[in-house]
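Scroll down for the structure; my scribbles are underneath it.
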């Protein structure tokens with residue numbers, strides 16, 4: 001898709017309300033750790049474009065650029081539950097950064113967290129979400145589900161259900177779902193579209209199994225796409241050239 005905003009403006013979004021799942025690493029770029037504001041700016045710009053189109057948008061961001069929680073190598077010195085709690089705090093840091101970057105571009109945004117922090121983070125309250133989204137406010141969900149032993153994919157599926165999302169968009173560095181690992185096999189085949197049943201029968205890798213099952217059970221399509229492509233987030237809503245749709249049977 002062209003970066004020309006005039007071309008974008010001639011198209012109408014296919015989705016009205018979406019849940020975008022971002023990895024923490026998408027904020028760190030090549031440095032691999034922390035937050036790189038300049039590298040994150042294209043994401044902010046695309047979110048602004050979508051809100052200008054009238055798309056209602058909520059985000060779930062991971063914390064892997066700061067700490068990967070249960071995947072961190074702490075040996076037996078730090079319990080898994082504690083490591084996961086540390087990972088939840090990392091998502092809060094990222095969410096606050098995203099909020100301020102959006103506000104700096106004139107985009108109204110608010111953070112809701114599974115665990116509140118007085119004077120800093122509001123506790124997530126599902127009955128508020130519809131009102132906030134209808135105002136055109138971008139919601140950023142932090143703190144995971146508030147429970148250890150689950151991934152931010154699960155947070156994304158849960159929040160997608162709570163807000164009644166038309167789709168869950170999972171931003172990755174791979175342009176969709178393949179029949180096998182494209183990083184290992186040069187003959188790997190990419191799917192433009194695949195059903196939930198086919199994902200199960202072919203044992204394809206889409207996202208955390210619990211999150212995948214929740215989306216299937218509540219009828220929420222999943223779009224897996226390569227965020228590193230030019231204007232990929234806007235394309236996900238307008239054209240869907242850079243990824244794979246997982247849909248109901």
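Placed from the backbone N, Cα and C atoms, the Cβ positions cover glycine too.
Swiss-Prot annotates 63, 145, 146, 147, 148, 149, 150, 151, 152 as UMP-binding residues; of 84, 166, the candidate listed for that same site is 84.
By neighbour count, meaning other C-beta atoms within 10 Å, the densest spot among the binding-site residues 145, 147 is 145. Put simply, the two farthest-apart Cα atoms among 21, 22, 23, 24, 64, 68, 172, 178, 181, the recorded binders of ATP, are 25 Å from each other.
For the UMP site, whose binding residues are given in the record as 63, 84, 145, 146, 147, 148, 149, 150, 151, 152, the maximum C-alpha distance rounds to 15 Å.
Of all the binding-site residues listed here (64, 172, 181), 64 has the Cα closest to the Cα of residue 147 (UMP binding site).
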